[in-house]
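K.L.:
Quick one: structure below, then a few questions.
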């Protein structure tokens, strides 16, 4: 059993408590912080003026938080054993904007809104401001008092097989439609050359080999953008046409063998996989993709939240009270 499979198995056991939580509610802050969404939106609109890539960055933070022991803002904690300094999170960004949101909310509603809920709201509003769907975010999460660095191996990489990714998602209560819909978040944002260079120069550990599934013209372009021996931290658009817009072009890219990450392309190029038909459906109907994405984000946001008296409401998202 590979280390990834071992981690997946352990995480499956941890998730047996279930992924839904009836204590979360879209109206959780109706009385205690009624303007929470508008405050988050205002901060994000300002943040975009300084960083046009902030929306996909913030959605990614919510993903990476939820995939490690649930949506509890453990990703945000600083420290020697922090999650954010683990390898899968070294390329994450947007933490300063989360701090700005927290500062604004503490001013309006002191000691009320959790950092975990800030991540969930920031993700939803980022998708909406980027041109994507809007959904009512269930709220009421509390913040973890500990980081879970040892659990960061459950964060998917760009190199996993479809079978491994599907197993991981299933362990979290997410089905194939959720997998394809959530992968569609790569319709906006960027990825480091390191995430896919093996497809250009060393596919299946064969020196000089290009991934045969990759569109030849696209592969040539990517080789120019990410030359062998070049800067592996260089950022490349996940969607070469509309990388700042949340739309369904990602799925058209997969149909044309122009998926940047191997894990993305395998959703369409794995023979006999049930994900192929889902990719085709989303490629032909942006509304179906948007509807499925919203539902999948709600399900993901329900992974093992801390509620009631568990955890705390951090005053500073980077450290426990």
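Each residue, glycine too, has its Cβ placed from N, Cα and C.
Here TrEMBL flags 1-22 as signal peptide. The domain 'Plant heme peroxidase family profile' feature in TrEMBL is assigned to 23-321. Positions annotated as disulfide bond by TrEMBL: 33-109, 66-71, 115-317, 193-226. Here TrEMBL flags 60 as site 'Transition state stabilizer'. Annotated active site, proton acceptor per TrEMBL: 64, in sequence order. Residues or ranges marked as substrate binding site by TrEMBL: 156. Here TrEMBL flags 186 as heme b binding site. Taken from TrEMBL, the feature Ca(2+) 2 binding site applies to 187, 239, 242, 247.
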K.L.:
Drop a 10 Å sphere on every Cβ of the binding-site residues 239, 247 and tell me which sphere holds the fewest other Cβ atoms.
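P.N.:
Comparing Cβ neighbours within 10 Å for the binding-site residues 239, 247, 247 has the fewest.
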K.L.:
Measuring Cα to Cα, how far is residue 156 (substrate binding site) from residue 64 (active site, proton acceptor) in Å?
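P.N.:
So the Cα of residue 64 (active site, proton acceptor) lies 9 Å away from that of residue 156 (substrate binding site).
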K.L.:
I'd like to confirm something. Which of the disulfide-bonded residues, 109, 115, 193, 226, 317, has a Cα closest to the Cα of residue 66 (disulfide bond)?
P.N.:
115
K.L.:
Using other CB atoms within 10 angstroms as the count, which residue among the disulfide-bonded residues 66, 71, 193 scores least?
P.N.:
193
K.L.:
Does anything in the same chain, at least 6 positions from the residue listed as 'heme b binding site', have a Cβ under 8 Å from its Cβ, and if so what?
P.N.:
238, 239, 250, 260, 261, 264
K.L.:
Taking the center of the Cβ atoms of 187, 239, 242, 247 at the recorded Ca(2+) 2 site, which other residues in this chain have a Cβ no more than 8 Å from that point?
P.N.:
188, 241, 243, 245, 246, 248, 249, 250
K.L.:
So if I measure Cβ to Cβ from residue 226 (disulfide bond) and keep only same-chain residues at least 6 apart in sequence, which ones fall under 8 Å?
P.N.:
193, 196, 197, 200, 232, 234, 236
K.L.:
What recorded positions in the list 71, 109, 242, 247 lie within 10 angstroms of the residue listed as 'active site, proton acceptor', counting C-alpha atoms?
P.N.:
71
K.L.:
So among 33, 109, 115, 187, 242, all listed as recorded positions, which is physically nearest to residue 71 (disulfide bond)? Use the C-alpha atoms.
P.N.:
115
K.L.:
State the count of C-beta atoms found within 10 angstroms of the C-beta of residue 317 (disulfide bond), not counting that atom itself.
P.N.:
22
K.L.:
Spatially, and counting Cα to Cα, which of the recorded positions is closest to residue 187 (Ca(2+) 2 binding site)? Options: 60, 109, 115.
P.N.:
60
K.L.:
Using the alpha carbons only, what distance in Å do you get between residue 247 (Ca(2+) 2 binding site) and residue 60 (site 'Transition state stabilizer') once rounded?
P.N.:
16
K.L.:
Count the Cβ atoms, other than its own, that fall within 10 Å of the Cβ of residue 115 (disulfide bond), considering every protein chain shown.
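P.N.:
Taking every protein chain into account, the count is 30.
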K.L.:
Would you kindly give the Cα-Cα distance separating residue 317 (disulfide bond) and residue 33 (disulfide bond), rounded to the nearest Å?
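P.N.:
Cα-Cα, rounded: 18 Å.
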K.L.:
Pop the Cα-Cα gap between residue 109 (disulfide bond) and residue 115 (disulfide bond) into the table, whole Å please.
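P.N.:
Roughly 13 Å, rounded to the nearest whole number.
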